[in-house]
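Asks: What TrEMBL shows for this protein is this:
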type     : residues : note
TRANSMEM : 21-43    : transmembrane segment
TRANSMEM : 84-103   : transmembrane segment
TRANSMEM : 124-151  : transmembrane segment
TRANSMEM : 171-191  : transmembrane segment
TRANSMEM : 200-223  : transmembrane segment
TRANSMEM : 235-259  : transmembrane segment
Amino acid sequence: MKRFFKIFFHHFNDAEVGNSAVILAWYSLLSIFPAVIVVGNLLPLLGIDARTILTYLQTAVPEDIYKTLAPAILSFLQRGNGGLLSIGAVVALWSTSQVAAAFQRTVNQSYGVGKNQSAITNRLFSFLWMILVIMIMAAIIVFFTLGQVVVKQLTPILHLGQNVFDVVSSLKWPVTFVMLFLLLLLLYYFLPNARLKWRYVWVGALSATVAWLLLSQLFSLYVDYFARSVTTYKTVGSVIVIMMWLDFSGIVILTGAVLNASVQEYFGGAITETRQSFHWLTSVWKRKQKPQH
């Protein structure tokens, strides 16, 4: 156990979690509404009500921040016209990708890899990853939304009773938990320029998901008792509170990556580097190209 903590603090220091979380928080703040614009353009194509997004958002973020952001986010989401490939959506997506770029650089630091990756390559792959992340999140939301639709249709046929549909519709916590866990699991596995194994990645994803949801619930208490004077400055105070939450969230997510790196080194040995972020896609392609005997 002593060796594990030694490895953990080594990776924690390499990742510079405190400083990196501030950078990630800043990029996240700049990317909130560009990301909402992209999602707003997706909703009409998928037939999803904008308020469905807010249902999950309310569970994932602190109450004070939700009250501040919800009206603006709902307004942006409802303005979507389905023009996913419009110039504005592409520009917004490019702006949002800077979060993934900053996250990848820090995660690479925690694994001790990616030191020779160029800024252009980092940003390009991050742009492609943001497209994949949005597609994955959209698929998850559609899956759970369709589940509610199916239950609603089966309720009168199977005489299930309205309470069954109400229970399914109210499962915000499990759905939000699964969505966050899957998202972090995919990011932790695919984004670093390192050869990773699934059995060493789920630990950090699970820990970060639990910690993030706990943070969202406890942050309101923190604001009430320790940062109430900040919120009296209205708009400026709201921005400060959002930045504080994003900073704490960054620490949680980056610590999850550090935990993954520590677990892999402790149980699996030295971590090896790959040249590109889509190494998994390259390996799959090579296996398909091997002649069959």
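Cβ from N, Cα, C; glycine included.
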Asks: Which range out of 21-43, 171-191, 235-259 gives the transmembrane segment (200-223) the most CB pairs under 8 Å?
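Replies: Most Cβ pairs under 8 Å with the transmembrane segment (200-223) come from 235-259.
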Asks: Six or more residues out from either end of the transmembrane segment (235-259), which same-chain residues have a Cβ under 8 Å from its Cβ atoms?
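Replies: Apart from its flanks, the transmembrane segment (235-259) reaches 8, 11-12, 15, 17-18, 20-22, 24-26, 28-29, 61-62, 64-65, 68-69, 103, 106-107, 110-111, 184, 188, 192, 203-205, 207-208, 211-212, 215, 219, 223, 227.
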